[in-house]
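Asks: Got these off TrEMBL a minute ago, pasting:
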type	residues	note
REGION	109-132	region 'Disordered'
DOMAIN	140-243	domain 'Thiamine pyrophosphate enzyme N-terminal TPP-binding'
REGION	305-328	region 'Disordered'
REGION	340-364	region 'Disordered'
COMPBIAS	345-357	compositional bias 'Pro residues'
DOMAIN	657-781	domain 'Thiamine pyrophosphate enzyme TPP-binding'
Amino acid sequence: MHLGDESSTLGCGNLAVSSRQQLSEHQMQLAAEDSARAATAAATRDVDATASGIVPAAVGAVRNDEFSSLPSPSSLQLSSSSSSAAAATPAAGVASQWLAAPHMAKNADGFTTSTSTPTPPPTPKAASAATAKFAPATRAEALLLAAVRGGADVCFANPGTTEMWLVSAMDRLWPAVRPVLCLQENVATGAADGYARIARRPALTLLHLGPGLANGLANLHNARRARSPVVNMVGDMATWHRANDPLLNSPIEALAATVSGVVIVAGNLQTASWTSRVDPGCSGVGGHCAAAMAAAMAGRPVASHGEASVPAAPPERETGEAGPEITPVGGNVVTIIVPHDLSWEPPPPPPPPPPSPLSASPLQFASPALSSTPGISCPQAYRTSARAAAAANAFVQDCAVALLHAKRRAGGGGAAATAAALYLGGDALLAEDGALIAAGKIAAATGAVLLCESAFARVDRGAGLPTLRRMPYFPQEAASELARYSCLVLVDCQPPVANFGYKDGPGVLVAPKDDNTSALWEFDPAALAAAGWSAATALRRLAAALGPAATDVRPLVNCGGVFAPPGRPTVPPPGRLTPAALCAVLAALQPEGAVIVDESLTSGSSYWEVSKGCPPFVHLTLTGGAIGSGPPMALGAAVALAAASALPSPKQDTGSAAATAAAAASVGQVNNRRRVINLQADGSAMYSLQALWSQAREQLPITTIICANSSYAILRVEAARQRLPGMGPATRSLTDLTGPRLDWVSLAAGMGVPSCRVDTVEGFAMELEAALRLPGPFLIQADL
């Protein structure tokens with residue numbers, strides 16, 4: 001059942017039968033009815049802006065903790081990811097305050113700020129003070145000023161000639177935006193992804209023309225799959241020079257559309273996916289950047305697999321030249337293209353202030369065209385209505401009945417596939433706003449298994465939080481796992497599909513059950529957005545609908561083992577370092593509050609299980625399958641966590657006991673910054689090696705563990721699973737990383753990062769323990 005589908009057969013009257021219950025289908029019907037009523041009212045010139053109960057709201061803005069009541073227009077908040085300590089479901093005592101960091105709130109100036117982590121430099125409040133009276137002299141300055149006022153405080157950059165006016169704008173606005181130089185664009189885009197996953201707000205990137213954007217596409221693809229808010233600023237040729245077709249000229253709009261939900265050509269009202277729907281107040285680059293920040297921060301859902309995007313009209317340039325027709329793919333990545341000559345021109349006069357949302361004629365939250373493509377609509381396309389909230393509440397009640405029914409069937413000892421499961425993705429995997437705690441309570445009350453996406457963007461894990469079962473990577477095993485459950489509830493994710501189409505293998509991993517009308521319940525991202533709900537809202541309300549059996553659950557007290565008790569693995573005995581031993585040592589030593597950036601692929605397969613009882617930590621992984629994300633993500637995550645000023649770092653050498661020596665040299669220096677640990681496959685790390693240089697330049701507390709098996713081991717596994725006829729010389733050559741063997745100690749030293757090489761359990765434990773005490777970066781080559 002899909003959230004909003006009138007095909008629910010449980011408690012919603014005499015409705016049609018369906019084995020897949022979807023909330024959004026019912027919401028689309030409600031939207032069409034609302035649109036018809038609004039058109040009738042407009043024709044009679046009797047439109048009342050408040051009669052429909054539709055109020056503009058960012059996705060996830062509604063916080064209504066009275067589960068039995070519906071939100072009224074006056075109760076809706078216009079902030080993004082707002083949180084209330086008094087209203088939030090209390091987490092277990094061992095789940096520390098930092099875990100959900102940073103929570104988002106509005107300060108006195110109306111800008112989004114972080115309230116629960118060490119303050120990353122510079123804070124939006126400081127930026128507000130620095131820019132309050134700033135008068136931009138160029139359009140580049142106007143664009144950057146709008147970004148700062150929208151909450152941006154860091155820019156991961158690799159600029160060129162066409163971006164130098166934007167670089168100058170950073171000088172003029174100093175220190176409002178922290179510039180982080182990245183030596184390759186895929187580092188910049190991957191860092192912006194990592195920053196967004198931790199900071200929960202967008203970072204800026206600054207990229208040079210089409211080739212620079214092309215270099216960063218792989219990690220922008222990962223960011224799109226992670227639903228990370230990222231705003232790219234990409235320079236372009238001067239409007240009058242493009243027709244000359246200079247060497248670096250390229251179709252930037254088409255490149256950007258492959259990873260972006262919104263593509264904006266600065267200086268025009270037309271945009272690639274907002275054609276005829278852009279706010280008229282967004283004239284000029286400043287307005288475009290403000291719109292871009294709002295779009296990225298709104299957290300719009302990603303279009304589902306196989307969904308067609310709405311073709312967009314070509315954006316008109318100020319010269320009258322029409323850009324190519326492009327089809328953005330959806331997501332929270334926004335790309336602003338800034339022609340070179342526009343960046344130095346003076347900004348146009350500011351537009352008049354927009355009308356109050358409550359006094360303006362409301363737009364319908366969806367139209368037939370937008371409903372089919374929620375992933376590429378503009379931030380104002382979704383409107384929260386009382387009817388949509390009512391449908392969502394009814395859906396929650398029916399889902400609760402289905403879960404209890406599945407529990408009774410399982411208790412009756414019937415067929416093997418009688419259990420229930422919650423399949424969690426997106427924000428449902430965060431401790432923020434009580435999402436994970438509510439999921440754990442639901443599982444404890446119903447006996448449901450908690451599943452999580454294999455390629456998750458972020459999971460808050462550890463002692464005091466629910467234990468999650470990670471979906472298998474390969475489709476046969478994943479389909480077999482999902483087939484066990486007669487009732488499957490998807491929250492903030494799309495139905496799982498295979499990563500690849502294997503011979504005789506499944507594509508869609510959830511098989512329809514025609515004999516079970518309540519087999520699949522979908523709280524999908526688009527439907528949650530339309531209802532004005534966050535994933536946490538849906539889970540909290542579902543727990544409340546289950547009554548005291550769920551609401552009275554206390555983690556580690558009466559939870560039936562759903563929540564993980566504290567417990568680390570012991571350090572294995574001395575001996576040869578293996579992948580399993582490496583994972584056990586890491587779990588035994590990682591500090592509380594660590595951020596684990598996991599691109600270990602085959603070598604880290606045992607880490608998930610051995611780390612479940614560690615002190616609370618954050619786990620990030622590869623979302624889009626484009627390898628080379630680990631080191632850049634670690635860079636961005638560390639910037640998001642960094643204190644306003646870098647701690648001093650002692651000089652360090654690169655000997656075998658380098659971490660120990662460096663730690664001893666820094667005695668007396670207190671480093672209370674949270675540690676980022678990058679568990680990294682060696683072949684993937686070579687895709688974005690330059691991130692080490694930026695880590696050293698910024699002196700960030702990042703420990704990189706290179707799992708050096710000197711091969712593309714995953715390809716050998718794939719070859720075996722596909723039953724290829726033997727491993728010949730070509731296969732061996734293209735999966736082997738020896739001859740020459742990668743020397744990570746030398747590579748790290750060349751990037752300014754101290755490092756060491758280990759091949760025993762005891763050596764790895766000693767170096768890791770010391771490296772975790774350092775104020776700056778350190779790399780360990782773990783020969784496996």
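Backbone N, Cα and C atoms are what each Cβ position is placed from, and that goes for glycine too.
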Asks: Restricting attention to the domain 'Thiamine pyrophosphate enzyme N-terminal TPP-binding' (140-243), give the mean pLDDT.
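Replies: A mean pLDDT of 95 is what the model gives the domain 'Thiamine pyrophosphate enzyme N-terminal TPP-binding' (140-243).
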Asks: DSSP on the domain 'Thiamine pyrophosphate enzyme N-terminal TPP-binding' (140-243): how many residues come out helix, how many strand, how many coil?
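Replies: Here the numbers are 56 helix, 21 strand, 27 coil.
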Asks: Based on DSSP, tally up the residues of the domain 'Thiamine pyrophosphate enzyme TPP-binding' (657-781) by helix, strand and coil.
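Replies: The breakdown for the domain 'Thiamine pyrophosphate enzyme TPP-binding' (657-781) reads 57 helix, 24 strand, 44 coil.
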